[in-house]
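One structure is given below, encoded as structure tokens.
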């Protein structure tokens with residue numbers, strides 16, 4: 001449904017006797033983030049003017065954050081079905097079947113705007129919110145990941161944001177006892193005023209009784225459980241649905257305050273309560289608080305809910321109905337339970353130190369009815385709040401935006417000619433050796449080790465973490481059964497998970513960049529030996545009200561759809577965060593890079609056969625799976641210096657069109673990689689990402705302490721292209737001499753069965769000399785000590801912060 005209204009008639013409309021209200025409509029609409037056309041539509045549905053409480057409820061529920069009014073038409077095209085999918089989009093989290101009576105529950109959410117205002121609490125409550133999404137489904141939380149974006153660390157403000165966000169994530173996750181096992185962090189000037197904080201949660205359940213959120217049972221009691229309700233987080237959903245400005249940066253009351261120790265009790269109490277069989281439906285109170293939980297539970301169950309605010313545990317005296325309804329105080333849940341179970345459940349929750357009250361009941365009439373001080377203060381159709389919400393009409397431009405047309409004109413021919421020992425740097429017209437190019441790339445915070453961040457997280461709590469952060473291309477945790485009655489698998493199984501997005505690529509081509517995000521996530525999972533099974537996505541974009549912004553979002557959704565269909569990784573749900581723009585003091589608006597973060601999960605049948613990225617022993621041979629290094633002048637468009645880290649960080653150019661994404665190639669490479677890992681043919685695996693071949697080899701050397709001898713084939717291609725180009729579905733593996741014969745044999749066998757789109761290329765061998773040596777035609781190209789590589793890579797972020 002699309003709503004529209006002519007401004008010139010609005011004053012006449014609101015002053016008509018039928019829709020007259022006792023408040024200033026214009027100022028109220030501004031406060032709630034609603035349009036005049038929204039107000040007209042609300043009046044049409046109610047056949048009266050809404051009171052002030054009701055308008056506030058519509059304000060949060062019709063915000064982009066809650067109803068996806070700009071993105072819903074695009075999201076419906078995402079693939080959401082598959083053989084393992086048990087619960088897809090629409091519930092608190094997605095659920096997939098991983099066999100042996102076990103289900104994996106997972107989702108990703110953003111807390112971007114709150115983290116810009118108050119980084120510690122904004123990030124901490126982001127963790128708390130995603131954990132509630134997980135255990136509300138009946139699953140025990142087992143892991144967390146995060147995807148973060150900040151402005152350059154040359155700015156003290158960005159350093160402060162980074163420190164605050166990492167501290168908030170660390171504090172909440174560590175205190176609640178859920179390991180933060182991985183993630184990704186990027187830095188770009190577009191995020192200087194608008195950092196991104198995306199948190200992904202995973203949970204394990206071993207019962208068929210998935211707890212859903214749709215209410216049922218006329219007159220069944222509605223139970224409030226958890227923390228008290230205060231004035232923190234007021235209007236958080238509306239705040240998250242508008243661009244950041246100096247005014248909103250100072251809007252600290254819109255940021256919630258979390259209590260991880262109370263959340264820990266809430267987790268245990270809820271999981272215990274679910275086992276009783278008394279809980280009919282459950283919904284956490286996140287964005288829009290009581291308003292959202294009541295309206296969504298009622299709408300999904302096609303019933304109504306009566307809520308008595310006089311019974312809600314209050315943190316502060318004198319709270320109004322409006323404040324109760326819009327508060328986003330943390331660690332709160334709403335249950336529908338079986339009649340007669342109230343006292344038993346009350347004792348259970350009190351034992352865990354939680355507030356618990358019967359605050360309402362399920363109604364036959366499909367409304368959300370709110371009572372305060374003995375009077376009805378709101379009475380609204382549940383579907384109007386949570387289901388039948390407005391959809392914005394946007395005209396999709398039918399041609400590539402001008403900014404991209406200009407970027408796509410760039411070609412590698414515009415770079416200075418390469419020499420055997422280096423290149424002229426366009427940024428300052430000075431010569432730079434290949435050694436220093438590599439060291440400079442490794443010192444860039446987006447590429448460098450994130451050890452300064454990881455070491456603040458407790459990633460070993462629960463004792464199921466198999467791979468420490470940074471050791472492999474994906475995080476891996478052991479699946480440890482919680483129930484003795486389940487049939488046990490013969491081998492120790494695991495779950496691999498990853499979050500991925502090359503935002504520079506998406507900025508320079510939203511379609512290819514988004515396809516690449518899905519493909520890289522699947523490649524990273526395959527690099528540890530995991531079979532990718534499903535994704536959750538977090539679409540972080542700028543304003544869709546601008547034609548370019550909506551085009552970027554549309555192209556990104558199309559790219560995700562294509563890649564998910566090709567790689568058989570359906571979407572189980574996720575989050576959309578729009579209006580990630582910063583209004584500068586001169587009134588110009590700075591949009592972020594479009595950043596569709598892909599959270600992907602995969603299944604490992606035997607965790608004893610996973611691969612890390614470290615070389616394992618000296619003299620192992622180094623191979624590359626995927627597209628080969630070129631040996632002629634004809635360039636493969638699937639590999640390029642365009643949009644590369646080399647181009648941006650060495651030459652200061654963020655331009656060019658990212659490489660073509662060959663999804664059939666990706667699929668073949670992933671399958672081959674998983675099989676050779678399963679058969680024990682390779683000892684290590686690491687995909688080529690930011691910085692291309694040279695950076696990938698350096699990372700393998702740094703993590704292992706071993707060196708490498710790499711011999712580039714004779715080629716007419718540019719040296720920088722061979723060393724630093726990106727793309728091509730390429731993965732480095734290492735194996736012994738005997739294993740190398742097995743690798744070649746297996747590749748030959750599958751070649752006989754069909755057409756291979758990829759090759760395996762021998763590049764060199766692991767050495768014990770503690771040096772990375774790269775040569776071509778007997779000319780030394782790179783000769784760097786591993787300790788120098790390690791010091792540069794490991795200390796880069798710490799040095800930036802403490803400079």
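A Cβ is built for glycine as well, from the same backbone N, Cα and C atoms used for every other residue.
Per Swiss-Prot, these features apply:
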type     : residues                                         : note
ACT_SITE : 65                                               : active site
BINDING  : 68, 107, 537, 574                                : ATP binding site
BINDING  : 109, 575                                         : Mg(2+) 1 binding site
BINDING  : 110, 111, 112, 113, 132, 256, 328, 329, 330, 577 : substrate binding site
ACT_SITE : 111                                              : active site, proton acceptor
BINDING  : 133, 284                                         : Mg(2+) 2 binding site
Residue 328 (substrate binding site) and residue 537 (ATP binding site), distance between Cα atoms, whole Å: 24
Surrounding CB atoms that lie within 10 Å of the CB of residue 537 (ATP binding site), all protein chains: 31
ATP site shell beyond 68, 107, 537, 574, criterion: Cβ within 8 Å of Cβ centroid: 75, 89, 108, 109, 536, 538, 539, 571, 573, 575, 576
Three-state secondary structure, which DSSP defines for residue 110 (substrate binding site): strand
Nearest recorded site to residue 110 (substrate binding site) by CA-CA distance, among recorded positions 65, 68, 284, 574, 575: 575
Largest tally of Cβ atoms lying within 10 Å of a Cβ, found at which of the binding-site residues 109, 133: 133
Euclidean distance between Cα atoms of residue 132 (substrate binding site) and residue 68 (ATP binding site), Å: 21
Residue 111 (active site, proton acceptor), number of other Cβ atoms within 10 Å: 33
Shortest C-alpha distance to residue 132 (substrate binding site) - which of the recorded positions 111, 284, 574, 575: 284
Residue among the binding-site residues 284, 328 whose Cβ has the most other Cβ atoms within 10 Å: 328
